[in-house]
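What follows is a single structure, written as structure tokens, with notes after it.
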Amino acid sequence: MILRAEQSRAEQSRAEQSRAEQSRAEQSRAEQSRAERLSWLDVLKGIGIILVAIGHIYSNRTVFNWLYSFHMPLFFLAAGWVYKEKPIITDIKRRIQTIVVPYFSFGLLILLYWQVIERRFRDSDMSFMNALFGLFSGCYDNLDFNVHLWFLPCFFVTVVLFNILVNMGGRKITYIVSALMSSVYVVLPMPELPWGFNRVFKYIGFYAVGVILAGRETRIVDRKIRIGTVAVALIILNFFLSLHNLTTGFMWFVTAFIGVAAMILISQFVNENRILQYFGRISLIVLCIHGPVYRIVVKIVSVPLHMGTDAVRENVLLAMIVVVATMLICSVVYEVVVRIAPWMVGKKR
């Protein structure tokens, strides 16, 4: 009897161990499947941040209008795609770590660099205290030392507000509120507000669409020709709409959604591209520092060629060289920072 009982316990233990191993294996496969399924999102952000750099470096009005018709909405929609509802306080703490801390860390460093070095070579009548006020207020008009930082406070308010709305009223109510806020942006001119709150009205709709679409992407392994054709068609349509230099109104949203849709299809088409995945993962630091970096690179390129900095930026070949150099320098900075001060990019040791 004792022997049978021990055998029974041993068999039960082996069965439990087998179930545990099977559960871990299934969880591992699920995580791997999710990683593979969402790899195109890193590619999407990689494409987006490269387009941001091109838009800021290459001085061409047509290209500028085209890129600015969709490249910032792209990041809000991509972020919405990976949204998960969390308790309000938990979410705020996490967003402070991953958005606010990098914003102030790089913002203060770049402000000091601007005050000590760069403002000597750039036309700016903004005082150091006004620039410091701009950093803490998050107002676009007072971020002259690194205007590209406007995205981070606006993004923080958008994602935190969206999660608060979901916690308080559920997803359907939040979608309706997001649509109404975007509608307000269409019909009413808004002044610049602290932490980009006026721009939240502009972008929260894209974040909501990303949340709605999450998990609905289809596998495109056998559909690449069709996907590529549709993507090219959308790019062409988006390009011609962007020629009207739309910055507000209903048609701006239409143009932006068409451009983002095209980039999503392209991202799924090249979803295994490791370079684009990498730049997607470091897009935060690129956004924070690429401004001063590219201005230094442009100056370095201009000196031996005896060209003005504007002339360098108007030359497509030289501008693309600057883009590549800027992205490489940003990647080096990221690798250094993530090793010595990972908290600056929202990571833990």
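Placed from the backbone N, Cα and C atoms, the Cβ positions cover glycine too.
Feature annotations, courtesy of TrEMBL:
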DOMAIN    39-334  domain 'Acyltransferase 3'
REGION    1-30  region 'Disordered'
TRANSMEM  38-58  transmembrane segment
TRANSMEM  64-83  transmembrane segment
TRANSMEM  95-116  transmembrane segment
TRANSMEM  147-166  transmembrane segment
TRANSMEM  173-190  transmembrane segment
TRANSMEM  196-215  transmembrane segment
TRANSMEM  227-243  transmembrane segment
TRANSMEM  249-266  transmembrane segment
TRANSMEM  278-297  transmembrane segment
TRANSMEM  317-341  transmembrane segment
Open item on the list: Across the domain 'Acyltransferase 3' (39-334), what does the mean pLDDT come to, as a whole number?
Closed with: 87
- [ ] Given the cut-off of 8 Å on Cβ pairs that are 6 or more apart in sequence, determine whether the transmembrane segment (196-215) and the transmembrane segment (278-297) share at least 3 such pairs.
- [x] no
TODO: Could you tell me whether the transmembrane segment (38-58) and the transmembrane segment (317-341) are in contact, taking contact to mean 3+ Cβ pairs under 8 Å with a sequence separation of 6 or more?
DONE: yes
Task: Positions whose Cβ lies under 8 angstroms from the transmembrane segment (38-58), at least six residues beyond its ends - done: 64, 67-68, 71-72, 74-75, 78, 81-82, 148, 217, 263-264, 266-268, 270-273, 275-281, 283, 286-287, 290-291, 294, 298, 313, 316, 319-320, 322-323, 326-327
Task: Among the ranges 95-116, 173-190, 249-266, 278-297, the one whose Cβ pairs under 8 Å to the transmembrane segment (64-83) are most numerous - done: 249-266
Task: Folded-back contacts onto the transmembrane segment (95-116), same chain, C-beta under 8 angstroms, at least six residues removed - done: 128, 131-132, 135, 145-146, 149, 152-153, 155-156, 159-160, 284-285, 288-289, 291-292, 341, 343-346
TODO: Please indicate, using numbers and ranges, the residues of the same chain that are 6 or more beyond the transmembrane segment (173-190) and have a C-beta under 8 Å from a C-beta there.
DONE: 162, 165-166, 198, 200-202, 204-205, 207-208, 211-212, 248-250, 253
